[in-house]
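Contents: one structure, followed by commentary.
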């Protein structure tokens, strides 16, 4: 699946230099390692030009040792190669260690900051199509590590190449300036060869990445193979897949022809340059006696070999481009303002006495690409301290949204929400949520062991309290039947336990937190009748100190509530006790009668 960019608006995208400075700022603690690595890269870059001097003398010494520098024999030059190899080993080892250290720490620091920012984003951020869980996890896994493309590693490689070229030109011109200048004039051509080789490889990869239509169709078919098989439409799916492949063929053919020609040019240019230098050096300079064979080989190898090695710097171009894109996304993610600041440190702490909840003239609109979508209209609701308040109604009437607003997943468009007589926006968010426990329809649990799921971030919880919560949620017998008991892994998203077991674990977790406000959204929907009755008694407890607000579909499960609010199309249409609502024979009576008829 191709990674789509996060839905962020980052002005820094227009300034590549600003992005580079941002990445370097992230790497500030490793500055000394970066500088050491860059210096090592510079020294290592002189390796090819020095090798040219050794090679020219070594070749001449084989034929005529007296013609070599200081009359040294081939054995001496072989030992010099050994010494050069040792130096290169030292410099490249230092470079590799320093840049490996800085890159790994940069990737770790980037992922940490990105994940911290993601986990503290508004819920509206995650509601956007562009910010699916797959896109966000892909960003953490791949995009964050791509920032190393503009870190010390890349600049070290660039400096290495620049040092190689500068040293090569200096060596060539010092041993024979005429041939050195002619050879230096071919450097752009040799660098172009390196660029073409890289460009072909990168173009091939990007072209393959763009050919996603057919792959997407195949992925959908395989993921829904049960449906495809049950409907007997295998031939139809195969035909659709073939159509998408055929649509891509003309473009693929053109691409292959162009890339083949470009690759042929990149391969042949090196030999054409070599022929030019051999002709000019041998016919014009060596044959006339102006240059020696030693000068020719040193000038020739210094430029040709060094240029080919320096041309490899273009292999870092996709890293630089990818790092720029990743840095722009990270900057936008880190500095995108949020409506609800989860990390806000100031604000009041909810009192210990009253935790009644009141919604006053609350209206709420979900942001949408097609304009605001009104969900709640003029909601006035009071959940008294220590009582059970239920919210019922038709599907899509906004029941769950009320719980989202109380938890401050969102802020109301208009109106106020009071907890303990104060606006929820006056509280420190972490403390507000610490007074609440929320159990949703899916009973979502985080991976790890059952014990991990139950404790979350609770520290001072005894084993007896854990067992008591599990018994209240009617999950204890199941847990002790497992070989590892509470230390049994639940798998990602609780994949190793059933829906009912996940819901009971979530309920036990909520009870362990000892909340003063308990929010239940179809919290027992996945339970059987016996388990539901057992759990309901635990949820309805609290000794009169816990305020409970329950959204329910099965009306019989909340018939004992102190007050029941009935919703329809985003509005509260009725409220009262179970008996009062039945006596009015309104929407509640219709829903209750329908359910009684179905169960009967």
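Heads up, residue numbers simply count up from 1 along the chain you see.
Backbone N, Cα and C define each Cβ position, glycine as well.
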### Query
Under TrEMBL, which of the candidate ranges 183-200, 201-218, 219-236, 237-254 is annotated transmembrane segment?
183-200
### Query
transmembrane segment per TrEMBL sits at which of 114-134, 261-281, 282-302?
261-281
### Task
Can you tell me which of 33-56, 76-101, 261-281 gets the most C-beta pairs within less than 8 Å of the transmembrane segment (155-177)?
33-56
